[in-house]
Protein chains: 2
Amino acid sequence: MASFILAVNGDRLNARLKSLGEVGALPGGGVCRLALTDEDRQGRDLVVSWMRELGLEIAIDAIGNVVATLKGEENLPAVMMGSHIDTVSTAGLFDGNLGVLAGLEVIETIIESGINPKHSISVGFFTNEEGSRFAPDMMGSGVYTGDLPLATALQTVGIDGKSVADELNRIGYSGKAPFPNISETVAAYFELHVEQGPVLDEENIEIGVVEGVQGISWHEYTFYGNSNHAGTTPMAYRNDAGLVAAKINVFANELALSIPSQLATVGALEIKPNLVNVIPAFARFTVDLRNCDEALLQSAESRLDTYITEQTERHGLTFEKRKLARFEPVPFNKHLVDGIEASAMENDLTSKRLYSGAGHDAQMFAPHCPTTMIFVPSVGGISHNIKEYTTPEQVTNGANVLLQAVLNVAKIL
Amino acid sequence: MASFILAVNGDRLNARLKSLGEVGALPGGGVCRLALTDEDRQGRDLVVSWMRELGLEIAIDAIGNVVATLKGEENLPAVMMGSHIDTVSTAGLFDGNLGVLAGLEVIETIIESGINPKHSISVGFFTNEEGSRFAPDMMGSGVYTGDLPLATALQTVGIDGKSVADELNRIGYSGKAPFPNISETVAAYFELHVEQGPVLDEENIEIGVVEGVQGISWHEYTFYGNSNHAGTTPMAYRNDAGLVAAKINVFANELALSIPSQLATVGALEIKPNLVNVIPAFARFTVDLRNCDEALLQSAESRLDTYITEQTERHGLTFEKRKLARFEPVPFNKHLVDGIEASAMENDLTSKRLYSGAGHDAQMFAPHCPTTMIFVPSVGGISHNIKEYTTPEQVTNGANVLLQAVLNVAKIL
């Protein structure tokens with residue numbers, strides 16, 4: 001155990017979250033700062049002004065990522081913190097912003113403490129994490145880590161017909177900083193984020209120790225049966241596409257309950273002709289499967305496909321399957337994950353290990369350098385919504401765990 | 001066994017079906033003669049002209065029902081045959097028309113045989129059986145049997161804004177014949193009809209012996225849950241309205257397979273927000289339950305409701321239930337049903353007992369006088385469709401069974 005615990009200035013951090021939330025504020029509450037809009041520029045300018053006040057070295061690269069660094073005493077790989085400040089169109093004040101402003105607060109706390117860290121400590125915000133205006137999401141971190149070609153990202157045209165390159169130039173955030181080889185230059189990447197789910201809030205736990213990001217499997221199925229009279233067609237003569245869709249929904253749910261950490265959701269569904277007394281001839285629906293373990297995810301996919309084949313044969317249907325998305329799980333660094341758990345304990349905070357169900361910039365870093373995340377509760381599990389909320393105390397708790405984790409890696413105390 | 005079998009003129013009957021099918025013929029095949037339109041008038045005029053050629057006594061009442069009678073030698077209740085000649089908007093040539101023209105053919109056959117029946121024998125067509133233009137369906141037979149007030153029927157406004165009374169007057173079919181007390185004036189009512197389902201065709205059976213009309217229970221359910229992120233919401237924290245709707249569809253199907261003669265169909269279904277990665281917060285769907293036994297139908301309804309209550313509680317949903325329709329089963333006269341089976345046997349035709357899944361004029365008669373129906377196959381089970389088809393031989397078979405049944409009741413042979 002450390003002999004004393006350094007602590008962030010929670011009031012300052014919460015005040016900054018509030019100030020940033022006033023940029024692009026929506027009339028009914030919440031905020032809209034879609035990537036590379038005027039609102040995004042104003043938000044960037046505000047955060048950069050705070051970085052400058054601390055005398056940090058600021059690097060802006062060609063995709064508009066901004067990284068501010070407190071130089072260490074030795075020439076060692078940096079301890080990096082970060083997230084994003086772009087938002088969806090009806091966002092709260094915490095998603096992304098918390099990770100950036102808490103990183104800034106951690107650096108300011110270290111500066112104020114008078115300690116000179118051996119490792120450089122940096123905080124960044126990465127362009128267009130949300131993907132609401134330009135696809136794909138996690139664009140800036142993808143370019144930063146070398147997974148997404150810069151040219152591809154710059155050529156991307158948004159939902160309003162404008163390109164990333166033009167909009168970056170327009171708002172003045174097309175920089176010249178080189179892209180580092182992060183496997184050599186980053187010792188650890190930490191991202192503090194709101195959970196965006198109900199677990200911590202429901203279970204009254206202060207800190208989520210994030211072990212990784214779930215893998216995602218999205219498929220669309222279309223079933224073709226026969227539409228017949230609901231009163232004159234005996235059960236044995238039916239080819240009911242709606243019934244088979246229902247059976248698959250129920251089966252997917254049973255899969256999720258029988259495979260460890262498996263999630264399954266039938267979110268979209270349409271049947272035709274959609275009349276009370278006509279047997280559905282057509283059903284189209286999506287299945288969203290998620291797991292933090294790739295082998296288990298593949299097992300869920302395979303069991304679902306077996307069931308679908310069996311049921312379509314049994315009910316005399318034909319079907320088509322279309323892949324919408326497929327990502328493998330991203331495990332985080334075990335050593336850093338243990339460190340977060342220890343940091344929570346040092347701060348006398350309750351914690352729980354969990355996986356992220358949503359995508360984050362951290363998952364781009366994880367294959368290249370030691371990476372993990374810290375979650376704080378989302379009240380009611382609500383996110384991507386103007387009602388998104390995390391209490392000032394929970395915000396401060398998360399920043400203190402982040403501080404402790406950074407200090408542990410930066411070998412200061 | 002009768003010592004000889006009188007037989008209808010199948011060619012004449014099939015030719016009349018074809019002629020009537022030319023009135024209101026659709027370009028791609030099939031026919032459209034919505035009730036009380038010009039096409040309906042032309043069809044009526046044609047059938048009435050055939051009735052007149054046979055010298056029958058014609059009665060037209062105030063709802064436009066037309067009944068033609070061959071007077072019997074004694075003052076006994078009549079043996080009545082009938083159906084309808086109005087159609088849905090994309091109909092075949094057989095639904096309704098067959099029962100009317102086969103009745104006419106039965107009478108012509110009896111006249112040609114030189115036999116003078118003791119009972120009067122009549123054939124009728126009843127106004128607006130389909131209900132496609134004016135609700136409710138089975139309007140003419142409902143008024144004829146006294147179940148639907150004449151004034152109510154006459155005031156009915158159709159989908160084109162015109163009233164039954166005005167349209168009856170316009171096409172010249174508002175008559176003055178009194179409505180008889182059919183419990184005293186009708187000894188038996190027979191209706192020959194196409195099955196409108198797949199059973200006879202699939203099982204290669206020539207005659208359906210109809211034991212009654214199924215009861216119908218239609219309800220709409222609306223479920224309210226919570227829409228949450230499909231990736232961040234553990235299975236235990238979900239209130240998935242779409243999943244519960246699916247479970248109820250599967251349960252209704254299991255009910256249908258476990259209760260004798262039970263049918264169950266979820267024909268209409270909508271979920272919201274209907275997005276691949278969002279748990280459905282809203283589901284609205286219909287359940288169509290049918291059974292020929294009222295106690296079993298009530299049991300199905302009750303078991304479904306118990307399951308729905310249990311599942312909504314289990315998944316933390318609220319729900320609303322709305323009745324769309326509820327009709328008790330209509331059993332036909334056992335003695336007449338046995339007679340149809342015997343008539344099929346006398347004609348060396350295979351037969352099967354079944355219940356009607358669709359509504360017919362006969363169900364209006366059944367509570368008031370001995371009633372039954374005869375089904376002939378619908379090729380592919382198709383009806384209310386321009387592809388509706390029954391072969392000339394099947395048509396003739398049905399008319400011969402009808403003839404035999406009428407002769408048995410009219411005590412001629």
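For all residues, glycine too, the Cβ spot is worked out from N, Cα and C.
What you see is a predicted model, and the numbers here were worked out from it, not measured in a lab.
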Among A:Asp95, A:Asp201 - the residue TrEMBL places in the same Zn(2+) 1 site as A:His84, A:His193: A:Asp95
- prompt: Which entry in the list of binding-site residues, A:His84, A:His193, A:His384, has its Cβ near the fewest other Cβ atoms, using 10 Å as the limit?
  reply: A:His384
Statement: Counting other CB atoms within 10 Å of each candidate's CB, the least crowded of the binding-site residues A:Asp95, A:Glu130 is A:Glu130
- prompt: Can you check what DSSP calls A:His384 (Zn(2+) 2 binding site), collapsed to helix, strand or coil?
  reply: coil
- prompt: Which residues, same chain and not among A:Asp95, A:Glu130, A:His384, have a CB within 8 angstroms of the centroid of the CB atoms at the recorded Zn(2+) 2 site?
  reply: A:Thr87, A:Val88, A:Ala91, A:Gly96, A:Ser132, A:Gln196, A:Ser383
Message: Distance check, please: Cα of A:Asp95 (Zn(2+) 1 binding site) against Cα of A:His384 (Zn(2+) 2 binding site), rounded to an integer number of angstrom.
response: 8
Per DSSP, three-state class assigned to A:Glu130 (Zn(2+) 2 binding site): coil
